[in-house]
There are 2 protein chains.
Amino acid sequence: MPDSPEVDLDEVYNFALELGQAAGKILDDGWKSRCNGDGDNKTVEKDSAVDIVTQTDEDVEAFIKEKITNRFPSHKFIGEETYGKGSSKEYLIDDDPTWCIDPLDGTVNYTHIFPMFCVSIGFILHGDPVIGVINAPFLHQTFSACRGKGAWLNGTQRLPLLRNPIPPMPVNAPQSCVFACEWGKDRRDRPDGNLYRKVESFVNMAAEVGGREGKGGMVHGVRCLGSATLDLAYCAMGAFDIWWEGGCWEWDVAAGMCLVREAGGLVTTANPPSNVSDAVIEDARPGSRLYLAIRPAGDCARESGREGQERTVREVWRRVRQLDYSRPGA
Amino acid sequence: MPDSPEVDLDEVYNFALELGQAAGKILDDGWKSRCNGDGDNKTVEKDSAVDIVTQTDEDVEAFIKEKITNRFPSHKFIGEETYGKGSSKEYLIDDDPTWCIDPLDGTVNYTHIFPMFCVSIGFILHGDPVIGVINAPFLHQTFSACRGKGAWLNGTQRLPLLRNPIPPMPVNAPQSCVFACEWGKDRRDRPDGNLYRKVESFVNMAAEVGGREGKGGMVHGVRCLGSATLDLAYCAMGAFDIWWEGGCWEWDVAAGMCLVREAGGLVTTANPPSNVSDAVIEDARPGSRLYLAIRPAGDCARESGREGQERTVREVWRRVRQLDYSRPGA
């Protein structure tokens, strides 16, 4: 697909990188200010931190929106704060140049000052995330990617980190894989609800080989960070082999999807199709709310990197349940 | 209890801090060397990384052991590599000055180059961890504590991070709490085995209030990092409110327990006693293999910080299962 004639990706990428640094600085100042007691620490209950954090969230989004609107007035803007809290959840991304922003991903982590929080800046063209900038200021980690330019950590270290050569997927995946997942917000105690389907899937992935009536995946480790954006960034890095999640929104994943794809990874749907063995493995849409990411993988004698990724997708699909997340217009 | 006359805690602490920096540098060089391809990257399978990592693990422990033996020849040394892999798992810590070391905690993370790995250096006197140094070099985070001197991040930021004032435990804990836990290595698919008891406990902590026959804890978030040492460090920091785990060993927790206690937190047993409501809440021994840590908590009008922590311990105990981890001599 041709780019819109008016979009200069280099210009947009440089702008997004600057924006990521500035927005990350606001987040960084925010938690430090709370530590120094020059925030609203007169309210000693930690619950009240939620209000302070919400204010930071809104401030960062307003800051980003203003910068974008000034520089690229013709571009659309979708932000977690302004759009995500509205009553409509219609999927609004079309062919137009669109910014898709989460000013603060990992909000619970930020509230508790656990370092896994970040600002996520995605730029979407013709429906595809083509630029992604993720800044996790407490970790001193900025992830960035632009279509055709690869994915990077702190602008200097190309992703995936292991690339001389890039390791193929393990022959016995999901064994030997680090499996990232999230418990999410849907904690309703309903028979066969999303909570139970997730947990059943986690247990299948974790249990010993031969266990769970053959579904035991014996993954190398199970990780839950509380940030979909950073889950994707660590997939791009090669640190997480598999990320499986349902329920998050396009602003949670737009930048991260660009990262994973530019690094050589794959993002498809979390929900197994009926024909797991031979279904065509399609790219996930940013707004699909159901994601399965596989890290970049190198070729080896037995298969190409892509074949190894697709084999891993099918092995995950054999072990996970369908999740029930829908949206208007999807 | 009086210190052994020959132990100068200041001297030992300064030595441990230097040791943590030097050992962390070896870990840092190790993963960077693998990225640069000047490691043994001719073996492209990621599984073979396990051998490289094991070598680093052993190298770091040998380095630490030599430094300690040279400087403090009368001190005992217990390390994960030399002791943990032996056939005996007798608990060897007694009243003598003893170093308790995990040269590489978060081994799976290190293998996959996920940043949550660290070296853990604990110093134990009369059975109590009195010095702890944890260096996570990828994260640029060094945690340290010495009895009577508080707990620190990077030597400059006192823990917990929020301390003007330190927030009390949430009135409705475990609601509003970040709950850290680990899936661990015991993945046997046995009826009511540790895997199932852990998962049942996780689900109780996560499910909506009123769910799970009243056990639903609706925690604010569930986190799994794959490093017991860093779980404890983030409890000391105040980022994790609750950490509940069974199965790890004294070298995984010695430094972290010192951190949590010096920061003002509490570490007791993971396994609920029969009299949850009125059991005396005792400090966990480093070798108990069953740990429940609660973050530092401030006083408030309704209760002291300690009362809030104990209330939280009992609320966790009401929701978790007993785990089956034993050891010879325990």
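Every residue number used here counts from 1 along the chain in the order it is shown.
Backbone N, Cα and C define each Cβ position, glycine as well.
Note: TrEMBL annotation is automatic and uncurated.
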Query: Given TrEMBL annotates A:GLU80, A:ASP102, A:LEU104, A:ASP105 as Mg(2+)-binding, which of A:ASP231, A:ASP241, A:ASP252 belongs to that site as well?
result: A:ASP252
For the binding-site residues A:GLU80, A:ASP102, A:ASP105, A:ASP252, the one whose C-beta sees the most other C-beta atoms within 10 angstroms: A:ASP102
A:LEU104 (Mg(2+) binding site), number of other Cβ atoms within 10 Å: 28
